[in-house]
Amino acid sequence: MLYFARVWIPDPEEVWKSAELLKDYKPGDKVLLLHLEEGKDLEYQLDPKTKELPHLRNPDILVGENDLTALSYLHEPAVLHNLRVRFIDSKLIYTYCGIVLVAINPYEQLPIYGEDIINAYSGQNMGDMDPHIFAVAEEAYKQMARDERNQSIIVSGESGAGKTVSAKYAMRYFATVSGSASEANVEEKVLASNPIMESIGNAKTTRNDNSSRFGKYIEIGFDKRYRIIGANMRTYLLEKSRVVFQAEEERNYHIFYQLCASAKLPEFQMLRLGNADDFHYTKQGGSPVIEGVDDAKEMAHTRQACSLLGISESYQMGTFRILAGILHLGNVGFASRDSDSCTIPPKHEPLTIFCDLMGVDYEEMCHWLCHRKLATATETYIKPISKLQAINARDALAKHIYAKLFNWIVDHVNQALHSAVKQHSFIGVLDIYGFETFEINSFEQFCINYANEKLQQQFNMHVFKLEQEEYMKEQIPWTLIDFYDNQPCINLIESKMGILDLLDEECKMPKGTDDTWAQKLYNTHLNKCALFEKPRLSNKAFIIQHFADKVEYQCEGFLEKNKDTVFEEQIKVLKSSKFKMLPELFQDDEKAISPTSATSSGRTPLTRVPVKPTKGRPGQMAKEHKKTVGHQFRNSLHLLMETLNATTPHYVRCIKPNDFKFPFTFDEKRAVQQLRACGVLETIRISAAGFPSRWTYQEFFSRYRVLMKQKDVLGDRKQTCKNVLEKLILDKDKYQFGKTKIFFRAGQVAYLEKLRADKLRAACIRIQKTIRGWLLRKKYLRMQKAAITVQRYVRGYQARCYATFLRRTKAATTVQKYWRMYVVRRRYKVRRAATVVLQSYLRGYLARNRYRKILREHKAVIIQKRVRGWLARKHYKRSMRAVIYLQCCFRRMMAKRELKKLKIEARSVERYKKLHIGMENKIMQLQRKVDEQNKDYKCLMEKLTNLEGAYNSETEKLRSDLERLQLSEEEAKIATGRVLSLQEEIAKLRKDLEQTRSEKKSIEERADRYKQETEQLVSNLKEENTLLKQEKEILNHRIVEQAKEMTETMEKKLVEETKQLELDLNDERLRYQNLLNEFSRLEERYDDLKEEMTLIVNVPKPGHRRTDSTHSSNESEYTFSSEIAETEDIPPRTEEPSERKVPLDMSLFLKLQKRVTELEQEKQAMQDELDRKEEQALRSKAKEEERPQMRGAELEYESLKRQELESENKKLKNELNELRKSLSEKSAPEVTAPGAPAYRVLMEQLTSVSEELDVRKEEVLILRSQLVSQKEAIQPKNTMTDSTILLEDVQKMKDKGEIAQAYIGLKETNRSSAMDCHELNEDGELWLVYEGLKQANRLLESQLQSQKRSHESEAEALRGEIQSLKEENNRQQQLLAQNLQLPPEARIEASLQHEITRLTNENLDLMEQLEKQDKTVRKLKKQLKVFAKKIGELEVGQMENISPGQIIDEPIRPVNIPRKEKDFQGMLEYKKEDEQKLVKNLILELKPRGVAVNLIPGLPAYILFMCVRHADYLNDDQKVRSLLTSTINSIKKVLKKRGDDFETVSFWLSNTCRFLHCLKQYSGEEGFMKHNTSRQNEHCLTNFDLAEYRQVLSDLAIQIYQQLVRVLENILQPMIVSGMLEHETIQGVSGVKPTGLRKRTSSIADEGTYTLDSILRQLNSFHSVMCQHGMDPELIKQVVKQMFYIVGAVTLNNLLLRKDMCSWSKGMQIRYNVSQLEEWLRDKNLMNSGAKETLEPLIQAAQLLQVKKKADDDAEAICSMCSALTTAQIVKVLNLYTPVNEFEERVSISFIRTIQLRLRDRKDSPQLLMDAKHIFPVTFPFNPSSLALETIQIPASLGLGFISRV
């Protein structure tokens, strides 16, 4: 395929269009056949006169370059296209053009100006990073420091192009990078001047909402250390006409609208302002509001800036008063009396307000507004003026007042920015208007364009000078380059008889007008100067040919604006004002001022001219006062040019891409106009005229090595390049060889790129041909093998099919045989069965008929029998009833007769006698019976008495059993209740069963009645039931799946919440460490300030002089310790001034420290308490088994209860651990976060538990303290009775004070009775031993009794717990019964809910108890310390009262010294006065290298701890405190002095951590003693709790770690970019692209450049040093992780800011470099340190550079792959992606938008760069040492001979 050249052709719409040749051009052709990119063909006519060919297009690989001078073809279309591609496609607004930075206004806020970007550009070479305003500022700052020469940054451009913003960003860069030399925050003041100057000097125009209507030059002053010390501002040509007139859609200066928007404020009521539409000076433009701008808020910002700059509130209100007066002056109206005079209405309100605000007389001001004074040689006249003249005079007065106020404000700003320190150098920032041309151009545009002509001349000369210096430096033959010189245009304006000179002359003429001045211009310059023209249709205008374009100026108004006439009488009225500030504005009118004073503020001493008093020369003032505006502007411009010529200039050209302020919209026409006007194209033209493309020999060799043959490559790179170029380019005029570079003419690089691309294309074709042939051969062989395999399988398949056919045929025959037999047999069986059935039915029918006949006969006989019997019985019954009736009647008659006889006998006496005879016998019998019963009664009474005794004994026996059965009774009651409930449930079930049975019966009855229907219904129901079962199974399956999904979801959620909690913990730890770092910084700052104050104020006094105060440091340390500890008894100490400076930081610091301490102790306390409870339960069980007095049944019962309690305790312990784990790791952040309700409940419960634990511990410790006190107090007495009494008294003591008094009394008694001991033997030793043993036995006995009582109370408590557990068990059973009635799903949920509730309640109870006990322990420890201290003081006091003889005679008790001779205890003894010497030799003057090589790691830490142990052994708290404080302060001093040495910082970080671990390991706390040997446990501290100092040491270790990170960051920082990005680790993969004027750092490894090996060597050095110092492995991992984060962050940040690094080949280089770092981690066994994860963003960025970037699938892959990159970073990399070779393709805009759409829901940080200064929070895991302290030997090299081992 043939490729033809691509060219640019002019186009009226797009300015330039791209096209491709369809036919080769031959000399003499008049027409070119072109193919446009739109798809059309075009015949392009060549100019017959010039015969110039169209401009050639650059190769696509060169498009989008950072520097326009890197383009091979340098011309206008190439520049325009490159800017457009960068602006539209890559969203890059900055581009270099040689020494010029082209900035295109994006009309959108971009995240490229943050402090992270400033840090990224700080210290970088200008060509090493992508173009940026910060790069220009850094270059200026660096050249100022390097070359000792003042610098200037010249920012120019059209209105709305972004000049002011660029200048602000440059000043912000200086303020951020350099800092301030004093505490006055000068950099903030410099930045604060911007809102003030914008409010009084900026206004809305049709092109810009914040257009600067004045020019300014700000000089930022620096001292010798290049820190900002002050600034100075000069202003130029304020647009005063805007005060009184605004065009349509424009506004006056912002300050007026800000005042109107704030008119309702109380302090502004006196100004009597209103809406902006109420004033003539603010409503003419008809656009009082700017969209998106709140004038009231802007007013607040302006006032805040004024306050920051030191402008007092009274001056601010005075300024606002004058501005309000100007607004009211604009509303003053005039009425015409005649054509030559006018008047103001009486008591005119606007004028009245103006006079009140200005403090002038109303009548006088009213008079001089309508009149003027004319002075002649002899007389003075007062002349009225017309209405038009009065209005002009009013406007001139308003403009004059505003200009004076503007200058006054600038003066005060300069005063605020002025510094008393001598200025060493400065950087000037010039923000000046660019070239302007409008439809109507007046005096302002003339001055602006005149200034731009001067600046363009200076720019051209500077560019020409740089080109000449470059050629001379490289010894290239210099040929004169023709460039445009605009000196003739400048001469036309400023020379003698020039335009300004004629204008000044015409202003002096009494009757000079604009017309007469125009005629003078025509007569002087027309047809004499080629740059001056006259319009054809006007006699009041002229045309000047500027460097940018022709501009037509209207002469109307030139004279008036140049004169700037103000009536002197009106000024005098204002000078006589009672308002003190107003006369200050006009003080300059009374003395001679330099020409810059009228338009500038005259801030520099150079602008002021000394003058004589006005008395000597009365005419001098008037003469100086009448200097014209043009003359003043010309002088100030000359001074500016002198300043710029004395500095090194840096140019920023701002381009306005469109007139509609659309974001990222590029209008080619407008852009070309501005490029022509700002001099960019002129720079291109100058470069193109010489040798624009420049390559170093090494870069050329690296790029075009592919064009060389092996024999052409020589050892000398320079000679190799020469030989190759002579072969490739035959015309030697197209290139030149310099000393270090090769210079090419325009187009030669494109030619070389074409040759390189052709060579690579041919190589690619050959590779593709070979690979494709190999692939096809491989494919053919694979297909052949596959065909053979298929044939084999097909043939086998056919054979198998035939065999199957034969088998099926045989089987079919057999089946037919058996089937036919089966059919015949079945037919026979059917017929036989039918015959048998017919016979059976027939025989049955005959038998039934016979049976029915016999049955009828039998039943007839029975009926006859029954009837006959019934008739006989009926007859018999009737006869029987008649006989019975007759008998009754006869018997009744006989009974009546007998009755009468008996009645007669009863009345006789004999009857009674007969009856009484029997009664007497009966009475005698009864008497005998009564006597027998009395005897029986007595016997029974005796038996009853015996039974009562037996009953009483049995009652007593049963009473004991009754108590034992109470619990069983309760259980029975509960069981009875449960049985009742079950019975009720059974009754209910029975009732339901009965109801069901009745229903079933009715259903069966209905079923019998409707059998057929029911059967159908049953079948339907069966079918529905089947369906329901299937649905049920499906639902159950779904429920199971949902349960699984919910479980998985919950697990994932718990994992995520755990990660979130870990992140929150890391964030909290990071905040704490950042606060600690800030505190350390402030502390160092305070020390520095104190030293400075000491040096300044120090006056030496004889006999008394203090060095660097250790006392103050100690006091500060004590204060810090007291603040972080939770002490209640120690009084607070006074804080240092450094702490008072940051009360907020310290309070938050202490809160965080307290919170961390509580959280760390919480877990350990809960675990220890549970273990203690379990041990107590086991001990209680053992003691209960040893009690012989318990009965067997009770002992067995108590043992059972203890076992149950033990199992329940273990169960509770496990549940508590699980609940604690779930609460700390898997609970939702909103539940466990501090402040949440659940969290507060848990903390309250934990507090109460700890309080209870404290109470118990306090009781135990009080008993132990009493025991110890008793042992110490019991001394030999005269008799045993006295000892016993004292012992009993001691046991009764409860108060610590009473015990102390008893202790002292015992000691006194011992001393007084010491002589009695000699009665037994010489020294009384036997008696002492005897009494001691006896008292010890009694104490042990009392202790056993107390333990017995405590055991009983604990047993009672355990019984209560058992009872509560039984109740809980019953409750659980009831709940279980209830749950059994629920559905399975609800049952599971209810049981889980109940279990969670139960565990939560148990956990809360335990936490409450633990909290109470912890609190008690803490209180008790504090009380014990105070108590021990008081006892010691009292003992010392008692010792003082004892005579020496008594001391000598006091008996020695060797029993109390448990020390073995010649057995070292791991302690070091030193004298108090040797403490400073110890610290000096061991810390201040110790060399880490010698210690690390020759001695054991951490030796200083061990020595210090052994000294602390001895002080603890002596119970000397002052010594402990002093030693620890001196140690901490000395370490800080060493790190402050040698804080830049990695070895020193690493050494002391290791030793500080080891010291901290020793304090923990030997603290006596159970959590730290797990790994100790028994010998090490004996070495634990006994008297002091150094937890507070452990916290201080931990904070110190954090500070040292952060300092270590800063040191290694400073060491690694220069290596990272060069080693990871620029250096080609894999040679030849990435070729160097052409670069422009600003050369980048070479990627080839020179002597001074860093490579990846340099980084690896440095990492090895760091690792070996840390290992030699014995640093903890976990800490080494954290340091390595931090180092790798720094490497990854710095590399990624530079990648995001360097377009030339974003290519496929660079991605391969980065991935290779990362793999080398990972290999280093593997070698050092650090893969689990988390360092690899910190490189993940860099790895993903490298992968992003290499993956395919075309289709939607690629976008999806990128979104899933780049999880560690933010959306802004992904889009930035895609925008910056630049092909290095022609085979690569750029990323399309549509693909980038697809990526943005896919990532729009991702919630990540909008920040572009990674925070390279971020430090991960560090932790110091406890790492106990196995080294025995008693084995440590102190080498003599340390100079510690004054300490001795103990």
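Here the Cβ of each residue, glycine as well, is placed from N, Cα and C on the backbone.
As the structure is a computational prediction, the values presented were derived from the model and not from experiment.
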- [ ] Give the range, chosen from 1162-1203, 1330-1371, 1624-1665, that TrEMBL lists as region 'Disordered'.
- [x] 1162-1203
Open item on the list: When secondary structure is assigned with DSSP, how many helix, strand and coil residues does the region 'Actin-binding' (637-659) contain?
Closed with: 9 helix, 8 strand, 6 coil
Open item on the list: If you count CB neighbours within 10 Å, which one among the binding-site residues Ser159, Thr164 has the smallest count?
Closed with: Ser159
Open item on the list: Same chain, not part of Gly157, Glu158, Ser159, Gly160, Ala161, Gly162, Lys163, Thr164: whose C-beta falls within 8 angstroms of the C-beta centre of the ATP site? Give them in sequence order.
Closed with: Asn105, Asn208, Ser211, Ser212, Gly434, Cys654, Lys656
Open item on the list: Let me check the 10 A CB neighbour count of Lys163 (ATP binding site). How many other CB atoms are there?
Closed with: 27
Task: For the domain 'Myosin N-terminal SH3-like' (2-54), residues assigned helix / strand / coil by DSSP - done: 0 helix, 24 strand, 29 coil
TODO: Calculate the per-residue pLDDT averaged over the coiled coil (1330-1430) and state the result as an integer.
DONE: 70
Task: binding-site residues compared (Gly157, Gly160, Ala161) - the one with the fewest other Cβ atoms within 10 Å - done: Gly160
